[in-house]
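K.L.:
Feature table excerpt (TrEMBL):
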- 12-34: transmembrane segment (TRANSMEM)
- 83-227: domain 'Glycosyltransferase RgtA/B/C/D-like' (DOMAIN)
- 91-111: transmembrane segment (TRANSMEM)
- 123-142: transmembrane segment (TRANSMEM)
- 148-165: transmembrane segment (TRANSMEM)
- 177-201: transmembrane segment (TRANSMEM)
- 213-231: transmembrane segment (TRANSMEM)
- 243-261: transmembrane segment (TRANSMEM)
- 281-299: transmembrane segment (TRANSMEM)
- 304-322: transmembrane segment (TRANSMEM)
- 334-350: transmembrane segment (TRANSMEM)
- 357-375: transmembrane segment (TRANSMEM)
- 398-431: repeat 'TPR' (REPEAT)
- 432-465: repeat 'TPR' (REPEAT)
Amino acid sequence: MTHILYKKYAPLFILVGAGLLLYGNTTSFGIVALDDSKYVIANYPFNRDISNIATAFRVDIDYPSGYSIYYRPFQAISHIIDAQLSGAAPWAFHVTNIILHIANTILLFSVFQKLGHERIQSFVFSLLFLVHPAVTGATAWIPGRVDTILALFTLASFYFFIRFCEQKKARDLVFHAIFLAFAFFSKELAIVIPPLMAFYFFIHQKKIKYKNIALLVGVWIFVFLTWFILWRTVAGGTGSLPFTRIAKLIIANSSAFLLYLGKMLLPFNLSALPTLQDSSLWYGIVTLILLILGVLTGIRRISFVIFGTAWVFLFLAPSFYTDDPSSVSIFMEHRAYLPLIGFLFIVQEIKYVKSRYALIVATIIIFIYAGIAYSHSLNFRDRLSFWAHAAQSSPTLPKAHNGFGAALYLQGRNAEAETEYKKAIELNDNEWRVHNNLGLLYMDRKELEAAEKEFQKELEVYPLNADAHLNLGVLYYGYRQDYEKGREHWEKALALNPVSSQAHEYLAAYYYQQTGNIEESIRHIKEALRISGRVQPALEKILKEYERNRINR
């Protein structure tokens, strides 16, 4: 049966079919409200205009609904393209995630062969990567594409780098440079690619002229400087990467290496929001022991084992830094996407892998992995499923309980939501957004003093939370008829978040109802329309009447 794999396109068709079979159901998945709501819904006014593809190179990844030090134009461009197909609905975004993962698997199949592995072995390991449960989040969760996009351009750049080292053709150098640039404009982690390529060249002692070495180094420097200048230009206003803090956190969280390593071979402790406190490191210890034993029993090429190890460490180490506002560090599984490739580089060099029993073992593992991956993907199908799983798998994580509470609240399950919010507060009284969320729940119950106290606590901890100001404005304006206080908080919300269409709508109502300032009301209505594309029917009616009267004049 293996002779089928030697047909030119057969492996590709099988990989595509397997990918669609495993992840096809994710096209019906919704939003889980962890960054995806920002990229798909909040940023839709930006994404719907295809001319913003050029603008993506001049803004940060959160623009326009937020601010970020991360400069990722190609991720933003992918959102714009998806929005042309499905608008603010998520199905096109999920389709793109599937395409990216399958494309990476096919590229990996080519890279494995380029590294000297037999066609069947390359196919089997590509299939293992395709169904691997540790990278489920990179495909089933929309924002996980940040690593699949980076992987796409990293693998393409690496492929043409190898070709250039072997054949010394200018065309391969050009393609290497193009895809390297694309990688840099996909995620900051691309900064480790040139050192990796240089390390590959060094340990393999490729026979290449100094002129060509100079060309490679020149390309790397040019790409890096171009990216760095643009990144500083765009992100300069929002701050810079805290390199000292990053280094300290990487060292402090270094035990997360075992967490990620364990999931590369024994992916049985999966979580939507993994933490060290709620995860077992024994899987990583066992994996490390088995890997060492495998290497000691015999390897084919020590240089490739060294290169694979460098690949794992360089792509994985930055994952030990987390800038999540939660009090507990979270080690997202999609960050294992590229390190897993390095792990597979190492495993393929173990001589046992080429034995006659290895194919049988690999086949069994593939089916087990596929079953785990499919089951885990269901945790990403909607908001409630995601946060319920997060709270269950990471019970000491305040963020998980806050998110689960918000999901329950939107289902009308307020008593359960309150329980989850209070669990989050018990774990960390200063948890981001939890007091705001609890305040909303109390305001629904007309417990206004309790609600006000929670909103004020939120602002005490996080003064820049525009939503807390927005909700306080609703409390004062709608429940206490303190219209001026309501306006003040909405103005503050708008100052903190200039693209808050809700703040514009509330202020439009204030100026129309309380001051009779029609011009100012219309200005806010138009701003809300510009941002979100729609407003409340009552405000739309005011605008239509205003336009009609202006025409009549």
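Keep in mind that glycine also has a Cβ here, set from the backbone N, Cα and C atoms.
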K.L.:
Answer yes if the transmembrane segment (334-350) and the transmembrane segment (304-322) have at least three CB pairs under 8 Å among residue pairs 6 or more apart in sequence, and no otherwise.
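P.N.:
Yes, the transmembrane segment (334-350) contacts the transmembrane segment (304-322).
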K.L.:
Hey, would you say the transmembrane segment (243-261) packs against the transmembrane segment (304-322), going by three or more CB pairs under 8 A that are 6+ residues apart?
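P.N.:
Taking Cβ pairs at least 6 residues apart, the transmembrane segment (304-322) and the transmembrane segment (243-261) are in contact, with 3 or more under 8 Å.
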K.L.:
Where among 123-142, 213-231, 281-299, 357-375 do we find the most Cβ pairs under 8 Å to the transmembrane segment (91-111)?
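P.N.:
Comparing 123-142, 213-231, 281-299, 357-375 against the transmembrane segment (91-111), the winner is 123-142.
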K.L.:
Excluding the flanking five residues on each side, which residues at least 6 beyond the ends of the transmembrane segment (12-34) place their CB within less than 8 Å of a CB in that stretch?
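P.N.:
Distant Cβ neighbours of the transmembrane segment (12-34) are 5, 40-41, 90-91, 94-95, 97-98, 101-102, 105-106, 109, 123, 126-127, 130-131, 139-143, 370, 373-374, 377, 380-383, 385-387, 403, 406-407.
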K.L.:
Are the transmembrane segment (177-201) and the transmembrane segment (357-375) close enough that 3 or more Cβ pairs fall under 8 Å, when only pairs 6 or more apart in sequence count?
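P.N.:
Since fewer than 3 Cβ pairs under 8 Å link them, the transmembrane segment (357-375) and the transmembrane segment (177-201) do not come into contact.
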K.L.:
Restricting to the same chain and to residues at least six past its boundaries, which positions have a Cβ under 8 Å from a Cβ of the transmembrane segment (177-201)?
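P.N.:
Contacts of the transmembrane segment (177-201) (Cβ under 8 Å, skipping residues fewer than 6 from its ends): 57, 70-75, 146-147, 149-150, 153-154, 156-158, 160-162, 165, 208, 213, 216, 219-220, 222-224, 226-227, 231, 241, 307, 310-311, 314-315, 318, 338.
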K.L.:
State the residues, same chain only, that lie 6 or more residues beyond the ends of the transmembrane segment (148-165) and have a CB under 8 A from a CB inside it; answer 'none' if no residue qualifies.
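P.N.:
Long-range Cβ neighbours of the transmembrane segment (148-165): 74-75, 78, 97, 100-101, 103-104, 107-108, 110-111, 114-115, 138-139, 172-173, 175-176, 179-180, 182-183, 186-187, 189-190, 193, 197, 200-201, 204, 206, 208, 212, 216, 337-338, 341.
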K.L.:
For the repeat 'TPR' (432-465), how many residues does DSSP put in helix, in strand and in coil?
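P.N.:
Output for the repeat 'TPR' (432-465) reads 25 helix, 0 strand, 9 coil.
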K.L.:
Can you count helix, strand and coil residues in the domain 'Glycosyltransferase RgtA/B/C/D-like' (83-227) using DSSP?
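P.N.:
When I sort the residues of the domain 'Glycosyltransferase RgtA/B/C/D-like' (83-227) into the three classes, I find 125 helix, 0 strand, 20 coil.
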K.L.:
Taking only the residues in the repeat 'TPR' (432-465), give me the average pLDDT of this model.
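P.N.:
Overall, the repeat 'TPR' (432-465) comes to a mean pLDDT of 96.
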K.L.:
Which sequence-distant residues neighbour the transmembrane segment (304-322)? Criterion: at least 6 residues beyond either end, Cβ under 8 Å.
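P.N.:
Residues 115, 189, 192, 195-196, 199-200, 203-204, 245-246, 249-250, 252-254, 256-257, 260-261, 295, 329-332, 335-336, 338-339, 341-346, 348-349 contact the transmembrane segment (304-322) from elsewhere in the chain.
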